[in-house]
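According to Swiss-Prot, the protein has these features:
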BINDING   57, 131, 156, 186, 190  substrate binding site
MOD_RES   2  N-acetylserine
MOD_RES   183  phosphoserine
MOD_RES   186  N6-(2-hydroxyisobutyryl)lysine
MOD_RES   193  phosphotyrosine
REGION    183-350  region 'NAD binding'
């Protein structure tokens with residue numbers, strides 16, 4: 001790999017703009033700044049060669065530079081062909097960190113970019129930071145000879161965590177992994193509050209549509225679906241939920257949402273959002289019953305929720321309105337507006353989640369990398385969680401920015417509750 005390019009980005013000339021954006025983001029990411037303050041001197045990640053596969057955004061750039069400040073060598077690719085922010089990638093490349101990512105990669109280029117991150121000047125990767133599982137899967141299937149040298153995987157998102165548990169159940173997983181997604185300060189913040197803001201940003205930038213008065217259909221009522229439903233309702237839409245899980249369906253109903261099937265909802269909706277992480281959510285028979293100019297988008301990790309293939313094969317006309325916005329005309333004369341080719345709408349059509357909420361998620365990522373690198377004996381092959389105490393530390397690091405003042409337990413109160421005055425304050429089974 002000695003002839004490897006030092007980086008490949010869309011335009012290195014965007015680096016100065018990217019650096020300005022990073023400077024602003026750092027002020028909105030107190031958790032990562034706390035990590036730098038605590039650990040930049042001791043360098044707990046010294047010797048770690050981290051291959052990262054996660055959306056190459058401004059916020060991710062702050063994460064990357066935090067990992068480097070803590071002693072790691074880092075090489076990076078994006079986990080989605082549309083999610084790279086080219087100015088952020090340029091800033092990281094200009095800083096001398098190998099990054100292989102640009103907005104609008106082909107599927108072949110996407111794989112090439114990931115493969116560039118596997119070998120460092122001193123040897124192959126020994127840590128994985130993944131989002132969605134593509135890097136994890138690639139190494140397990142195509143580069144299994146590298147597995148023995150890898151200490152751990154930290155996985156960012158719901159889809160990637162599902163993949164890890166599936167691999168574990170099938171006896172395929174060969175490396176210890178930490179499920180970052182299900183840290184409370186990730187899933188209950190990034191998935192919920194992040195989507196609550198970035199979904200609307202993506203839809204508005206793509207279409208300028210008026211949401212008030214429309215009928216919006218949200219497929220799935222997990223944390224992501226909850227955030228999306230709140231956002232659409234907040235803008236004045238009447239929101240319909242589809243669900244497979246009776247508990248989530250009951251939650252949605254108790255919040256005042258109508259809950260029905262996609263076969264029924266497809267006839268009513270003006271805006272459709274898939275959030276499930278599953279396949280075949282919106283199919284050809286649904287498109288055929290939709291209203292004219294229905295807007296269809298996805299905020300789950302992969303492009304498998306919406307049957308884009310059916311649209312491409314059955315529409316009589318496809319018109320590209322602008323990048324990541326396509327209008328299909330069906331045989332019945334009605335049009336469908338598809339955003340980001342069925343991939344992540346908030347990153348394909350907008351800038352993704354705000355920096356502050358990503359600081360929660362990425363502080364968990366840094367902690368997971370430190371845990372796996374410095375305490376390998378604690379983590380056998382399997383899927384693990386960060387300790388509750390670290391979850392609480394992530395939250396605490398973000399309180400000052402919001403002027404939050406915590407109440408401190410008295411010694412008497414702590415004894416009454418049977419806990420330390422310093423936490424952890426909830427048992428592991430507590431759901432928040």
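From the backbone N, Cα and C atoms, a Cβ is placed for every residue, glycine too.
Where Swiss-Prot records a feature, it is marked here on the structure.
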residue	record	DSSP class
57	substrate binding site	coil
131	substrate binding site	coil
156	substrate binding site	coil
183	phosphoserine	coil
190	substrate binding site	helix
So what sits near residue 193 (phosphotyrosine) in its own chain, CB-to-CB under 8 Å and at least six residues off in sequence?
227, 357
Residue 156 (substrate binding site) to the residue listed as 'phosphoserine': how many Å between their Cα atoms?
10
Applying a 10 Å Cβ distance cut-off over all chains shown, what neighbour count does residue 156 (substrate binding site) have?
28
What Cα-Cα separation, expressed in whole Å, is found between residue 131 (substrate binding site) and the residue listed as 'phosphoserine'?
15
Close in space, distant in sequence - the residue listed as 'phosphoserine', Cβ under 8 Å, 6 or more apart:
364, 385, 386, 390, 391, 394
Same-chain residues six or more away whose CB lies under 8 A from the CB of residue 186 (substrate binding site)?
156, 180, 360, 361, 364
